[in-house]
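Copied over from TrEMBL:
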| type | residues | note |
| --- | --- | --- |
| TRANSMEM | B:6-36 | transmembrane segment |
| TRANSMEM | B:57-73 | transmembrane segment |
| TRANSMEM | B:79-102 | transmembrane segment |
| TRANSMEM | B:114-136 | transmembrane segment |
| TRANSMEM | B:163-182 | transmembrane segment |
| TRANSMEM | B:202-221 | transmembrane segment |
| TRANSMEM | B:233-253 | transmembrane segment |
| TRANSMEM | B:265-284 | transmembrane segment |
| TRANSMEM | B:310-330 | transmembrane segment |
């Protein structure tokens, strides 16, 4: 592997690892909050137990999210010093503000975990809320840096010098709001579907045990409802994201759709793979005119094709597949939510059929895959630029060599941490099965 | 004060706070490893009780330092990022493993022994690697060929100066942490643990002091410009030594609050923090205007003035928002006797 590719692989691996925990770190606290609120409304102790158990899971995940985030933050300066020099001068505000969000999250997470028995209930809820807000703000601010890389604003480069710096213009760059919204909505969706997956799995295993089954059924309904709402919102916002590409990064949209010739009434290619030789998407289903409509809300919108750009500016053509995978997963999850909604609310059936549990179980992992595909698409589709039309990735990479060894070392540590986190989950929830907590409260209510 | 001076002061402030918090954090890990088999004293429990809630907050300071560095001094970050790739990566890997295990041990107590050893060993290695950034900024270990800077690891690891710093980092880590834990256990009325940590502090303190003298001696040979600069701030260094002596005396004087108790650990902690503050002030002032000698000064490495102004405003706003949170945190974990004495209640 050449130097640049090794650097990108190392950083890509760090991000692919971190994003799992970061996404759940944004999604799970929201579910905890919903469970707490439902408990307040229904006074059903099951929801309090859910909130408590999800928080425990969240605390374990945070044990990885914080160090992997620290690695990501420091590795930026170690691997991409050229990029961080520009970021330092122009776009350091989101990083700086993120530190405050990070402090809020760390302070109140410690308070929530280690002082829970000493603080008032309202203070506990406030602490979780602040943790959730801190996590969400971190996600929004770091995504802002990613948005800036695609739609840079607030500076010019003149003879190699950075001039006319306006840090707030850089902060509010054109794609900030849409991109950050996309990341937050999809994280909420993923957190909810992961909860639904676990609940569905448990329902299959406990269908003989009425009390447990009803507990997990409540968790499933909450997960499916929240997941359904946010999958719909994510899809709507995803449409906006694509329109943003059409306006600001046309070659990225062209590569995502495998479109070579600039045209109005452009077709939408679904599936298949992009072939460079024949300049077409092979084995794809083509829906005429649809791409033009999606890009600009009218069939005669002219969509720019790859041939209008010099070939060295083309993103790698496989991003078409990544883009399809991301959108496909989003659509599947939306369909799943609609089926669940129709079954439960329109047909008014109380129980889901057993076979329906299987697609629900796959929803959590699928949503996470969608997040991964989406991020790889978003970052690979920007290549060869690290800052669009301003700085190439190869100009930003470190001049230090021997990245190969580091790549291997970091990968080993990530695998090790991943195994450790799975073991801790098994260990903790194996020792503290939900039966115990349900029994405890039953006995308690009998005594009272 | 110029913008550059404000910026470097903020950065130095972060580094100082992190240095103090982290030495306590890492040192607590080391002590809990040392005393793991001495169940009769609560020394390990005291260390863990301090460590559990604080590491996440301490960890944020590392990121805060890196962010302050590249946002205020992008050019210096460019060179530091380039030359620190290898040592920086090793620090990151150690930190990741250490913090993951801190959390896991809380959730799964079966792994407690593994955690204790991991956090104990990393508690020694990480400070030794972290402090190496200081001698690296003295310049003699950076080689620039055709505009590409790289770190001469061979020169670094054959330099007595580097080893003086490493020895200083390890000794200081153990010194500061034993002192703080002595104070912490004194406050919690854990007398046995207090005696253990007081004795440790008395043992390690003089070693840390000798190491700081060794830094000066080796600096005279290897970074003369800095040595001469520090001598201009001799009064600060003398004040630092006096604080060290005050702390020593405070550990022997009888307690004013409790009859029959030897030592005033709170006073000793304050004196030692002042000792390190005075010494690091002299070091920092002598280091200016260079960030990395002789290529990068605070002026040449400085960010765009517009960005500095925007950042400065967020610092003020951020401080106002976070300050109550820190106070609340402090009261829950450092002052609340219900937390400090939880064993006795059970």
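Yeah, the Cβs are placed from backbone N, Cα and C, and that goes for glycine too.
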Residues from the same chain, set at least six apart from the ends of the transmembrane segment (B:310-330), whose C-beta lies under 8 A from its own: 6, 10, 53, 57, 71-72, 303
Other parts of the chain folded back onto the transmembrane segment (B:233-253), taken as Cβ under 8 Å at six or more residues beyond its ends: 179, 182, 198, 201-202, 205, 209, 262-265, 267-269, 271-272, 274-276, 278-279, 281-282, 285-286
Top partner of the transmembrane segment (B:114-136) among B:6-36, B:57-73, B:163-182, B:265-284 - counted as Cβ pairs under 8 Å: B:6-36
Tertiary contacts of the transmembrane segment (B:163-182), as residues 6+ beyond its ends and Cβ separation under 8 Å: 20, 23-28, 30-31, 43, 46-47, 50, 123-124, 127-128, 130-132, 134-135, 193-194, 197-198, 200-201, 204-205, 207-208, 211-212, 214-215, 217-218, 247, 251, 263, 265, 268-269, 272, 276
